[in-house]
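So the structure is just underneath, and the comments pick up after that.
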Amino acid sequence: MVAFLFCNLLLVACGSVTWTMSDTGESGVDLADRLDLVEKIGDTHSKDLEIWMELGKQREADAREMHAVCRVQPSAMLPPDQPQITGLVLFRQLGPSSRLEASFNLEGFPAEQNTSNHAIHVHEFGDLSQGCESTGPHYNPLGVPHPQHPGDFGNFVVRDGRLWKHRMGLATSLAGPHSILGRAVVVHAGEDDLGKGGNQASVQNGNAGRRLACCVVGTSNSEAWESQTKERKKRRRESECKTT
């Protein structure tokens with residue numbers, strides 16, 4: 001597009017020079033030719049303006065920071081004796097071509113286990129009419145085996161019933177044809193075997209077990225992310241103070 005714009009500007013310059021030279025010559029060009037040249041120059045300027053405006057829109061889109069929030073709640077179909085997990089999953093993407101980052105802040109896991117691993121994935125549908133069971137399979141727009149699905153976030157370590165984690169460089173996106181907006185994030189009861197379980201379920205969902213809690217990803221402003229970032233920095237400072 002930039003090359004096309006340069007060519008147009010060059011043509012306008014050449015046309016202007018030709019006209020100027022013809023004005024100084026003996027014969028020159030007739031009035032009709034001059035009017036035709038003026039019209040062509042005007043059309044070229046209009047096209048150039050449109051191109052510049054489109055380039056400006058593209059730059060604005062590339063620079064637009066996107067945010068999303070997912071408010072996790074226990075599955076409506078979950079038996080009462082199961083963990084009641086709640087919390088927030090926040091997303092930030094600096095631009096459509098940037099890698100996604102996410103902040104996970106969940107609680108309600110069994111505290112008596114002290115530490116455990118739980119899988120978290122993006123599922124295809126944002127349908128919670130039957131709790132987390134109606135969110136469908138893993139979101140897999142490219143038809144690849146698990147754990148290469150764009151929303152395969154992997155395993156998260158839970159300590160004392162709490163999960164607090166920040167991850168960067170995630171393969172999924174808030175923009176484009178494979179956006180996860182409107183889709184579900186699901187917290188599982190078990191650990192993801194990362195496709196190494198040796199059965200069909202392993203390459204579909206990692207044998208991650210029951211769906212404990214879920215939410216639907218929706219657009220948001222930056223306030224929740226900024227608040228979470230401040231809290232994360234505060235926790236890091238407190239942790240550093242304890243170790244010194």
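Just so it is clear, glycine is given a Cβ too, placed from its N, Cα and C backbone atoms.
Now, the feature entries from Swiss-Prot:
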- His121, His123, His138, His188: Cu cation binding site (BINDING)
- His138, His146, His149, Asp152: Zn(2+) binding site (BINDING)
- Cys70-Cys215: disulfide bond (DISULFID)
- Cys132-Cys214: disulfide bond (DISULFID)
- Asn114: N-linked glycosylation site (CARBOHYD)
- 224-244: region 'Disordered' (REGION)
- 1-15: signal peptide (SIGNAL)
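Shown on the structure are the features that Swiss-Prot records.
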| residue | record | CB count, 10 Å |
| --- | --- | --- |
| Cys70 | disulfide bond | 23 |
| Asn114 | N-linked glycosylation site | 10 |
| His123 | Cu cation binding site | 25 |
| His138 | Cu cation binding site | 20 |
| His146 | Zn(2+) binding site | 23 |
| His149 | Zn(2+) binding site | 25 |
| Asp152 | Zn(2+) binding site | 25 |
| His188 | Cu cation binding site | 23 |
| Cys214 | disulfide bond | 27 |
| Cys215 | disulfide bond | 22 |
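Here the region 'Disordered' (224-244) has Cβ contacts under 8 Å with residues 67, 69, 88, 90, 92, 103, 105, 164, 166 of the same chain, all six or more residues outside its ends. His149 (Zn(2+) binding site) falls outside any helix or strand according to DSSP and counts as coil. Under DSSP, residues within the region 'Disordered' (224-244) fall into helix, strand and coil as 20 helix, 0 strand, 1 coil. According to DSSP, Asn114 (N-linked glycosylation site) sits in a coil region rather than a helix or strand. Using a 10 Å Cα-Cα cut-off from Cys214 (disulfide bond), the recorded positions that qualify among Cys70, His138, His188 are Cys70, His188. In the three-state DSSP scheme, Cys132 (disulfide bond) falls into the strand class. When the Cα atoms are compared, His149 (Zn(2+) binding site) and His188 (Cu cation binding site) turn out to be 16 Å apart.
Each of His121, Tyr139, Asn140, Pro147, Gln148, Pro150, Gly151, Gln204, Asn205, Gly206 belongs to the same chain as His138, His146, His149, Asp152, is absent from that list, and has a C-beta within 8 angstroms of the C-beta centroid marking the Zn(2+) site. Ranked by CA distance from Cys215 (disulfide bond), the recorded positions Asn114, His121, Cys132, His138, Asp152 have Cys132 at the top as the closest. Around the Cβ of His121 (Cu cation binding site), 26 further Cβ atoms fall within 10 Å across all displayed protein chains. A sphere of 10 angstroms centred on the C-beta of Cys132 (disulfide bond) encloses 25 other C-beta atoms. Other than the site residues His121, His123, His138, His188, same-chain residues with C-beta atoms no more than 8 angstroms from the centre of those residues' C-beta atoms, the Cu cation site, are Ala119, Ile120, Val122, Thr135, Pro137, Tyr139, Gly151, Asp152, Val186, Asn205, Ala208, Arg211. Taking Cα separation as the measure, His121 (Cu cation binding site) is nearest to Asp152 of the recorded positions Cys70, Asn114, Asp152.
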